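Peer 1: The structure under discussion is supplied below as structure tokens; questions concerning it will follow.
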Amino acid sequence: MGKNVVVLGTQWGDEGKGKIVDLLTQDAQVVVRYQGGHNAGHTLKINGVKTVLRLIPSGMLRPNVTCYIANGVVLSPQALLSEIKELEGNGINVRERLRISLACPLILPYHIALDKARETHMGKSAIGTTGRGIGPAYEDKVARRALRVGDLFHRDRFANKLTELLDYHNFVLTQYFKQPAVDLESLLGESLQWAEELRPMVCDVSACLHEHRKQGENILFEGAQGVYLDIDHGTYPYVTSSNTCVGSVINGAGFGPRYIDYVLGITKAYTTRVGGGPFPTELLDDVGKRIAERGQEFGAVTGRPRRCGWFDAVLLKRSIELNSISGLCVTKLDVLDGLEVLRIAVAYKDRDGNILSRPPLAADDFNDLLPVYEELPGWQESTADVTVMSDLPANARAYLKRIEEILGIPIDMLSTGPERDSTITLRGPFL
């Protein structure tokens, strides 16, 4: 009997999910992307070669894994085909092992133009999107006007819908944002080319997944971004436009909740965030700079520097509750090597001195909150590439043990470097 495992980020994304998914695919036959778009990059380093995947599931680097892009993903055909060709240039046969849902909403050039125009228009109040059209594409989906992958294969219907949509969006672009219009004829021509390339890879993903399940195959669901970028449960409005929590697997892949066996939450040994929004444990001093430099904290897709701070157990506790997380994987422990003192936020304090054990639900409610820290001694020895728990420095083990105690959940995996083998597995999700 196969197992169905979900891997998701418990913070603001960039937790190192790509490497862990790649590692776990040694035990999986199927890997599924179920939400988001090409706004988040999963970085893998195998035999010293770095690969950044944006849309294609990380399992593609394993030769016997079938990969699916499910209906919860907003799909840029241009970005996907570019990524496919990049991987094919490295000798990876993508098209035989990649399947795409007919129900994926399309990201088209007018979505990207709208995204960038809005961010520019908002100035200092901008959310800090990646400018890749994700939000506008999800808006079209919710407004029930989106063009989907399946529409590409009905030329006349697609052309009629595209004409209507472009008329609507071009009005906003030209009249409100004072930006150039997107050309209909050139977009229609591109779309016909995309249709021919995508046609062999499309299917009813939900139906395929249930066939894999019935055959007893292991299925791995690969989340993008992190819990606190969730449109409902994140630090709204500084969030993404999709649901990033485990419930998104059910809707975004058409996979029933009782079929999920294990949820692995990925967290860094510290905290990072890209773009605007609250960040209670953010470090603006030399320690924060040191963590950023050692951790090479720059966005895989945008190259933007990430904000860095101490481990926030208040946020993690809520992530665990929201996602019924079975176990944690802590990444980038080696980045903390050499620090004299480490801090874990165990609560927040408001301006009146009241102690809060849970995070607020809205971004503005984080204003004036200060973290309440617990201090632990650091370690001077290297944890890089350690593969046995007992070989870690005593203070590193104590730090991890304290995280387990505070959160009330086991650390099942530990990443000590970017390579596949730089991992300690205490309990494998597929076991």
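Glycine residues also receive a Cβ, built from the backbone N, Cα and C atoms like all the rest.
Not measured: the values here are computed from a predicted model.
Here's the feature list from Swiss-Prot:
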- D14: active site, proton acceptor (ACT_SITE)
- H42: active site, proton donor (ACT_SITE)
- 13-19, 41-43, R306, 332-334, 415-417: GTP binding site (BINDING)
- D14, E15, G16, K17, N39, A40, G41, H42, T130, R144, Q225, T240, R304: IMP binding site (BINDING)
- D14, G41: Mg(2+) binding site (BINDING)
- A300, V301, T302, G303, R304, P305, R306: substrate binding site (BINDING)
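Please situate the listed features within the shown structure.
Peer 2: According to DSSP, D14 (active site, proton acceptor) is assigned to coil rather than to any helix or strand. A simple way to gauge crowding: the CB of D14 (active site, proton acceptor) has 27 other CB atoms within 10 angstroms, across all the protein chains here.
Cβ neighbour count for K19 (GTP binding site): 25 (other Cβ atoms within 10 Å of its Cβ, all protein chains included). DSSP gives K19 (GTP binding site) a helix state.
Within its own chain, P305 (substrate binding site) has A292, E297, F298, G299 as residues 6 or more apart in sequence whose C-beta sits under 8 angstroms from its own.
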Peer 1: According to DSSP, collapsed to three classes, what secondary structure does R306 (substrate binding site) have?
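Peer 2: Going by the DSSP assignment, R306 (substrate binding site) belongs to neither helix nor strand, so it counts as coil.
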Peer 1: Quick one, of the binding-site residues R304, R306, which Cβ has the fewest other Cβ within 10 Å?
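Peer 2: It is R304 that, of the binding-site residues R304, R306, has the fewest other Cβ atoms within 10 Å.
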Peer 1: Based on Cα distances to R304 (IMP binding site), point out the closest of the recorded positions D14, K19, T43.
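Peer 2: Comparing Cα positions, the candidate nearest R304 (IMP binding site) turns out to be D14.
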Peer 1: Reduce the DSSP letter at L333 (GTP binding site) to three states and note it down.
Peer 2: helix
Peer 1: Let me make sure I understand the structure: which of the binding-site residues listed (N39, T43) has the fewest other Cβ atoms within 10 A of its Cβ?
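Peer 2: So among N39, T43, the binding-site residues given, the one with the fewest Cβ atoms within 10 Å is T43.
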Peer 1: Anything within 10 Å of Q225 (IMP binding site)? Look among the recorded positions G13, D14, K19, L333, comparing CA atoms, and list what you find.
Peer 2: G13, D14
